[in-house]
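Peer 1: The feature ATP 1 binding site is assigned by Swiss-Prot to GLY34, LYS35, ASN36, GLY37, CYS38, GLY39, LYS40, SER41, with sequence analysis given as support. Per Swiss-Prot, the feature ATP 2 binding site maps to GLY349, LYS350, ASN351, GLY352, ALA353, GLY354, LYS355, SER356. Marked as compositional bias 'Basic and acidic residues' by Swiss-Prot: 547-558. Residues annotated as domain 'ABC transporter 1' in Swiss-Prot, with sequence analysis given as evidence: 2-246. Per Swiss-Prot, the feature domain 'ABC transporter 2' maps to 313-531; the stated evidence is sequence analysis. The region 'Disordered' annotation in Swiss-Prot covers 525-563.
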Amino acid sequence: MIIFSNLSLKRGQTELLENASATINPKQKVGLVGKNGCGKSSLFALLKKELMPEGGEVNYPANWRVSWVNQETPALDISAIDYVIQGDREYCRLQQKLERANERNDGNAIARIHGQLETLDAWTIQSRAASLLHGLGFSQEETIQPVKAFSGGWRMRLNLAQALLCPSDLLLLDEPTNHLDLDAVIWLERWLVQYQGTLVLISHDRDFLDPIVTKILHIENQKLNEYTGDYSSFEVQRATKLAQQTAMYRQQQQKISHLQKYIDRFKAKATKAKQAQSRMKALERMELIAPAYVDNPFTFEFRPPQSLPNPLVMIEQASAGYGIGESAVEILSKIKLNLVPGSRIGLLGKNGAGKSTLIKLLAGELTALSGTVQLAKGVQLGYFAQHQLDTLRADESALWHMQKLAPEQTEQQVRDYLGSFAFHGDKVNQAVKSFSGGEKARLVLALIVWQRPNLLLLDEPTNHLDLDMRQALTEALVDYEGSLVVVSHDRHLLRNTVEEFYLVHDKKVEEFKGDLEDYQKWLSEQNSTSENKVSEKVGDNENSVQNRKEQKRREAELRQQTAPLRKKITQLEEKMNKFSSELANIENQLADTELYNAENKEKLTALLAQQVDVKKALDDVETEWMTAQEELEEMLQA
């Protein structure tokens, strides 16, 4: 049992918790939720014993094994699977003892250690690690590649696999779905449902929380508020609680009335039975929980587009990929897709199948290798992808960005608009380089929404966003009148905002006749088929020499095609190492206590400014590196 007793916790001068108490029972699975900055990660630090409370206590059994996801992954030469196995610290300790016992030829010690390894189920550790990696999206070949060969997002998956492999009584997961695609999210959800220990989970993905947790701890007003049930149950309970506060009643009714009008309109035009039924349930649920978000700090909406050409986009027999001429690598082939006003499409498919490639083709970032992509005259594009965050001017403010976009607006009008995205007061004048990932994402969305797009392309728009902002974005998209294409691992957003799904697989883009539950079944079938094919391949020796020759030829061709991109990645890695060394040097200097004496004020100020600049440069290079790695992954899987 975990007992928080009269807990008080500060971050700097900010009071996070004050006399807060709560209890988590053994083997209970708890969702820890609350607004950004409320103290969720600090509570994790308390549980990991990295932080001490200002007052009160946190108690749990001293013999509990605690596992969590490391945030750093060094560029190691060891294989992915060996790195994951290092997560089982007791296994590694016993292996080291066994090596020493073998060196001494100590038969008694060897026998004793083998017995301890047997208790740990050590002989299956390779297969268990491989199973975790497969579930998180690694191919069999990738499990033996060195850790340093993977991009930042994939290294975070390795850290997650490490934490899952480690035997634990208490598992702490802070936003584990952040670097995952939908397939891996679904797999992780199933794994956590089966987990036998106590779980405390921070997540902004309500559809991920629901099947897993049986209790919610909500940090609000410096207290730990306990709710029994899953996240959906918490929303209803909190909505009921807030509805009893009469001062909010009128706002709640306006919100409910607004959603009801949309539901009525959707009923009148729903055509695709399965998807329509699924979306209707989702929208009706949004109406039910609307009062829980009446205090949401985000209040923006999409204004009607100035024009709605029909069709907006026509794609005929187009192929898409990377490179030019003979060196081009085709990712998608013979795409046929028409987007009209009111099209609401969610893209499904495994990681590397080409979902982002299709979005880039629609956005004009990629030119079709063959076929045609025709945008109508008057298309106003709104395009959100993670690399769009880097188009922001680091030294300029949110106010500056908006004034550049809307010079005819007064400063107060711009401030009011930015306020609907929770940029208030002095925040609008702060340089973007000081913003968190979530704040940058909000600013990019603010710029997009202002332009009244009639074609909206969203590639993982909820990364970095908290639950309130995700809810606000979902509500805004419900009312959006243009054409929408979205890639997201947030199933709540998909259920509420799209009316049809397209499946991207085997170089094809095809309509998927079903809902997200049907997609989960399709994934399970695909995974079973893949495993069977591997088994058949192992047993089939016919023409093996010819097959190996053909495989070597293809590998050589692919190496040649990807050589420029690999060179770029190597150069970016060198830059990353350079900036990391610079940052480490600065932080070593900042650790010197004498630096904070009054006479060193000028030096301290210069070092802090330098730290900000180097961090920004490192972030920019890492983002560019991850984009290049994604392109390489898609080329390798083509």
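If you go along the chain as it appears here, the first residue is 1 and each next one adds 1.
In case you wondered, yes, glycine gets a Cβ from its N, Cα and C as well.
Note that this is a predicted model, so its numbers are computed, not measured.
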Peer 1: If you draw a 10 Å sphere on the Cβ of ASN351 (ATP 2 binding site), how many other Cβ atoms land inside?
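Peer 2: Result for ASN351 (ATP 2 binding site): 20 other Cβ atoms within 10 Å.
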Peer 1: Let me check the 10 A CB neighbour count of LYS350 (ATP 2 binding site). How many other CB atoms are there?
Peer 2: 20
Peer 1: Suppose we draw a 10 Å sphere around the Cβ of LYS355 (ATP 2 binding site). How many other Cβ atoms does it contain, all chains included?
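Peer 2: I get 30 for this one.
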Peer 1: In this predicted model, what is the average pLDDT of the domain 'ABC transporter 2' (313-531)?
Peer 2: 89
Peer 1: Report, as a single number, how many Cβ atoms besides its own are within 10 Å of the Cβ of GLY354 (ATP 2 binding site).
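Peer 2: I get 28 for this one.
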Peer 1: Other Cβ atoms within 10 Å is the metric here; tell me which of the binding-site residues GLY37, GLY349 scores highest.
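Peer 2: In terms of Cβ crowding, the pick is GLY349.
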Peer 1: Around the ATP 1 site formed by GLY34, LYS35, ASN36, GLY37, CYS38, GLY39, LYS40, SER41, which additional residues qualify by having Cβ within 8 Å of the site's Cβ center?
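Peer 2: Residues close to the ATP 1 site, other than GLY34, LYS35, ASN36, GLY37, CYS38, GLY39, LYS40, SER41: LEU16, ILE219.
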Peer 1: Quick check for you: of the binding-site residues GLY34, ASN36, LYS40, which have their Cα within 10 Å of the Cα of LYS355 (ATP 2 binding site)?
Peer 2: none
Peer 1: Who sits close to ASN36 (ATP 1 binding site): which same-chain residues at least 6 apart have their Cβ under 8 Å from its Cβ?
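Peer 2: GLY438, ASP466 - these are the non-local Cβ neighbours of ASN36 (ATP 1 binding site), listed in sequence order.
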Peer 1: Counting Cβ atoms within 10 Å across all protein chains shown, which of the binding-site residues CYS38, ALA353 comes out on top?
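Peer 2: Result of the Cβ crowding comparison: ALA353.
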Peer 1: Whole-number Å distance between the CA of GLY352 (ATP 2 binding site) and the CA of LYS35 (ATP 1 binding site)?
Peer 2: 33
Peer 1: In whole Å, how far does the CA atom of SER41 (ATP 1 binding site) lie from that of ASN351 (ATP 2 binding site)?
Peer 2: 29
